Each structure stands twice: as structure tokens, then as C-alpha cells.
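So that you can see what the record holds, here are the features copied from Swiss-Prot:
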type: DOMAIN; residues: 256-383; note: domain 'CMP/dCMP-type deaminase'
type: BINDING; residues: 305, 335, 345; note: Zn(2+) binding site
type: ACT_SITE; residues: 307; note: active site, proton donor
């Protein structure tokens, strides 16, 4: 999905940027975002397509947390707008695969989008699946697959029939702070399996703290951009009346390519002079999707460590800039204690307020016992262990050490 850069705003400072969104969103929704919470069946026309949606008001009123039992305004407003955007429609082909999370009972997005793609999967909790199927079938969308996908359990349907995934969609799914961690875990698992996928999500702006919490949790795994719908509409042939209301926002997310950056860190480690008294480690710092610094063990004068070198090089080049929210890639767990009594790399990372540390391997207890991972997590930093690189990283780390007998 190629969106012109001028229509994207990178979400770097979550607090500040969500505050602006909510300040501009003056429209209050008395019905909490539901299209109509009083009718068992809703009839609407989108484009030239008549659609009927059966709701389950009994489930909504009797079952706690049954928010998927009704049709929500966000999908009604945002999906038709997307259908009018060339950058969106040009990305849909007969080979495109889409997974929708938290589809809810209506199946509306699948009804509207499935004619343009090869595979569309609507997913939600087990209790909604039968009703989703009914709504899809009565609206001639029987080709849409329906699968159980509970964010708290399996990250993807076990009986899913295709091997690749282009897009993940979800509409108005960020409403309960207790579910944010599960949603992010699900998204991270999907990104691990399908690193080329992109996520598109629309959200009604109801609770700023809940949205901030979600964005802070998801940013270690994804680059997040706000799509400027109002700016797009200024240059679009579509009528401005089709613009979703100001209290709805649309975001696009792309998984960080952890493998690519870890390979670059491994290449940094290969630059180290071998020694039997220290490790050979490489580090790469990524900020806003770009490499801003690199380092390797003993690159700078003194017994300097890779992470230390990368941070020092950045600060020397950008003395007024901050590394807050950046991602540190290191071929080995950052040190928590140094025999030289210098500040540990773990402390440096915490001080600079990195959001995430991605590791190629844990540190062997050869010189000192390392507690870097525990200390980073205790400081609120996300730690991602890419242990598929462990053998290569450890082999490089002990280059110069005497062979074990």
C-alpha cells in the first residue's frame, strides 16, 4: 500500500500527537460509536450496494463485553471512504489477502472489500461467528472466510488456508485498556509470521489514555503513521461529504524489519578486532524507521562496548537531539556490570529512554553474570529476543577466545 508521504504523519511523540487529535475532535458521540443500538436489523446503502445487517441487541444488553453484537459507525464511515481512494484500491488485487481483527457481528468491511481481493478473513471470538456468517451470506459475501481469533490465545487461525498475508484491518477495536496488551501481542505474532504485512486501523476518538496506551505498546513492533484524511480529501475527486467525521482517525502500521537490522548489527560485530578478554558485539540504533547510528566493540578509544559506541557517536553528531523512543539492535544482551567500573550499557540505554532493545543472543556468563534483560524490562523497555540469530551472534562474540576442549 503506497500512500504519498505528504499524506502521512509519523507518530513519534504519542502523548503530544494524540493530544492534538483529541483537541481537534470536538464531536461527541452519545451512542458510544454504535450506529443504532435500538434496531434488530439495519438497512443501509453504501455506493449503490444495499446492505442489511442483523444485530443482537439481547447479547449487547445481557452479556458483558459483547461490543461485537452491533454495527459500529467507524466501519460505516471509513470503509466507503477507503473505497474512493486510488492508493487503497490500487493495492487490492485478486491475489491480495486480508485479515480483519474484531470484525464484529456485521461483517461490513468484508461485504464491501471482498469483491476486490483473493482472500478475506473475518475474525472474532467464537460467540460471534455464526451471526457474522449469516450477515455475510445474506449480503452475497459467502466467499469471505470466518474464523475464530481470540487475541488472548492463538495469534492466527489454525485452519487458515493461505500462506501469506498482505493487510490486517481493524475498526474501533481500541476501547478497553485491558485488551490492548492482547491485541498488540496478536499483531506482533502476525508480524513475526508475515513480516511483509501492513496494518490499517481506524479508531473513533473516545478515550485518549486508552489510545495512548495502545500506541505506546505497539510502537516497539511497528512504524506507525497517521493518515491525513482531510488533506487527502482536499485533492480528491470524491465529495467532501464522504470524509469520515473529525472524531475518527485512520492509521497505517508497518512491522519493523528486525531481521534486516540484526544482520546489519552482525556485520558491525564482524568489524571488531578479535580478543580473548572481551566479546565482539555489533549494535545498530533505529529511530523513526531509519538507522541513525552504529557501533561495534572497541570502535572508539578505550574498552568501549558496541551499544556505548553507537550512543556516543549519535550524541557527538547530534548534540541537541534525543534518542527517546529509539530501538537498539545488539548482537548480544547489553552489559549490566563492567569490570572496568564504567557505566553499563544497560544504564546508558535506560538513561537515553530507548523504547525497545532487540537482542541477537543473551550474554554467556564468561566474564560476569549479566542481568541486562531483567534490568531493561524493569525500566519499562520492551526486550525482543531474535534468537534465530543466536548461533551466528555467539560465534562472532567469542572470536579470538581460545577454543573449548
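Cβ coordinates are placed from backbone N, Cα and C, and glycine is handled just like the others.
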Here are some binding-site residues: 335, 345. Which one has the most Cβ atoms within 10 Å of its Cβ?
345
The domain 'CMP/dCMP-type deaminase' (256-383): DSSP-derived helix, strand, coil residue counts:
38 helix, 23 strand, 67 coil
Compile a sequence-ordered list of residues in the same chain as residue 305 (Zn(2+) binding site), six or more apart from it, whose Cβ lies below 8 A from its Cβ; state 'none' when nothing qualifies.
281, 297, 334, 335, 338, 345
Intrachain C-beta neighbours of the residue listed as 'active site, proton donor', sequence separation six or more, cut-off 8 angstroms:
281, 283, 295, 328, 330, 334, 345, 348, 349
Confidence summary for the domain 'CMP/dCMP-type deaminase' (256-383), mean pLDDT rounded
90
